[in-house]
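Undergrad: Okay, so Swiss-Prot annotates it like this:
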type: BINDING; residues: Gly220, Ser221, Ala222, Asn223, Thr224, Gly225; note: NAD(+) binding site
type: ACT_SITE; residues: Glu243; note: active site
type: ACT_SITE; residues: Cys277; note: active site
Amino acid sequence: MTLWINGDWVTGQGALRVKRNPVSGEVLWQGNDADAAQVGQACRAARAAFPRWARLSFGDRQVRVECFAGLLESNKAELTAIIARETGKPRWESATEVTAMINKIAISIKAYHVRTGEQRSEMPDGAASLRHRPHGVLAVFGPYNFPGHLPNGHIVPALLAGNTIIFKPSELTPWSGEAVMRLWQQAGLPPGVLNLVQGGRETGQALSALEDLDGLLFTGSANTGYQLHRQLSGQPEKILALEMGGNNPLIIDEVADIDAAVHLTIQSAFVTAGQRCTCARRLFLKSGTQGDAFLARLVAVSQRLTPGTWDDEPQPFIGGLISEQAAQQVVTAWQELEAMGGRTLLAPRLLQAGTSLLTPGIIEMTGVTGVPDEEVFGPLLRVWRYDNFDEAIRMANNTRFGLSCGLVSPEREKFDQLLLEARAGIVNWNKPLTGAASTAPFGGIGASGNHRPSAWYAADYCAWPMASLESDSLTLPATLNPGLDFSDEVVR
């Protein structure tokens, strides 16, 4: 039984799904998808649970959420292993994900009060008040790269605000989704407040098509995000928050410490085997001997990055991709770029057939036209050389996406120019593109999102504002508007 609906574990009535470790092929989890009828049951359960959950005080909801944080802490080792085995990530990185989940609780509580709390302004004849109210029933679609942390970034603020939820994990990480749901169960959420439905496209389409849904919170690919946007078009009453990845540029200008710049670039492009939505996909490198030296060093160090299994000792920097198919898609993308005229500096290699262990790839595309503006979700970095900083910014902005952008330079003036001209929601200076703070908004523009950033701003899309003018008594104004006569004289 792998679905959690209205406080009960039930067996899915859809197709059988089997999840294997992407490197070893070991069977980790199996269960049946939720069919459309079960998705409807989950929605009805969430709708029935909503009034009572929303009427609880914020403090009562906070107690349940903080209990979940405590359970994350006490089950950290077990959840770390589940995420690592299911995604192929190294143990160290999965541990940082669980830590981020724990930290998200306190941050979300603070963000609720700052972004969507209550305010009151006294007026001569009363007061003006601002409150926030939950939407109702929200669907949360989780991604596979951070199957605990990223859904958590929607679920926690949504529950704190008083919403009830139907959570569909990625079909590639059902085990992690179930493990997190079992911790929420132990936290004592009332039946129907949080429901889990497993499945792929059919389950997702059934969920997003529900009429009795007040909103949908999504993290994933641009293609799926666009499909959801089209599906919910003409329904302005439903909140839709989309985070859809990017084709992110990193500009390497002047470099004082080549190794430090190489380290930043590797952290930006290859951490999580390139499976972060903020990863650098395009590297813009200043022409000249310094740029040549940097590029040679980048290739040399990247060549030493050998992916390993989740429990390898010593621990590897990167593990496997989410699947062999995902790894092969990166290799295919590299081959297509090479066929267009790209110059391979480091070829990505599948270490062993039947696994997802893929070494990083670097290919120079300077002078090549018609390069697709697509996100290659893996460890493949494309390089362009530029002559002046204005050209670098133009090239960086030449994308339909707009999630992250970064600059390596000692010159504050150039960063200030980038801040003015960059088309991205995250713009970093001498910091990896993959570095983000939960105390700041996280999201992009263009094909990277629909202006509903998460993290610190997640509270904004989890509640709507209610403004009130209030007075505890009603009296006739001392001064009336022209044309109003409340005298006792009878007009004849």
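Each residue, glycine too, has its Cβ placed from N, Cα and C.
Note that this is a predicted model, so its numbers are computed, not measured.
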Undergrad: Quick one: pull the CA-CA distance for Ala222 (NAD(+) binding site) versus Glu243 (active site), whole Å only.
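TA: On Cα coordinates alone, these residues lie 8 Å apart.
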Undergrad: How big is the Cα-to-Cα gap, in Å, between Glu243 (active site) and Asn223 (NAD(+) binding site)?
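TA: Approximately 11 Å lies between the Cα of Glu243 (active site) and that of Asn223 (NAD(+) binding site).
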Undergrad: Any idea what DSSP makes of Glu243 (active site), helix, strand or coil?
TA: strand
Undergrad: Other than Gly220, Ser221, Ala222, Asn223, Thr224, Gly225, which residues of the same chain sit close to NAD(+)? List them in sequence order, counting a residue when its Cβ is within 8 Å of the Cβ centroid of the site.
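TA: Result: Phe218, Tyr226, Gln227, Met244, Gly245.
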Undergrad: Cys277 (active site): which of the binding-site residues Gly220, Ser221, Thr224, Gly225 have a C-alpha within 10 angstroms of it?
TA: Gly220, Ser221
Undergrad: Give the residue from the binding-site residues Ser221, Asn223, Thr224 that has the most other Cβ atoms within 10 Å of its Cβ, counting over every protein chain displayed.
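TA: That would be Thr224, with the highest Cβ count within 10 Å.
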Undergrad: Around the Cβ of Gly225 (NAD(+) binding site), how many other Cβ atoms lie within 10 Å? Please give the count over every shown protein chain.
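TA: By my count, 22.
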Undergrad: Tell me, how many other CB atoms lie within 10 A of the CB of Cys277 (active site), whichever protein chain they belong to?
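TA: Cys277 (active site) is surrounded by 29 other Cβ atoms within 10 Å.
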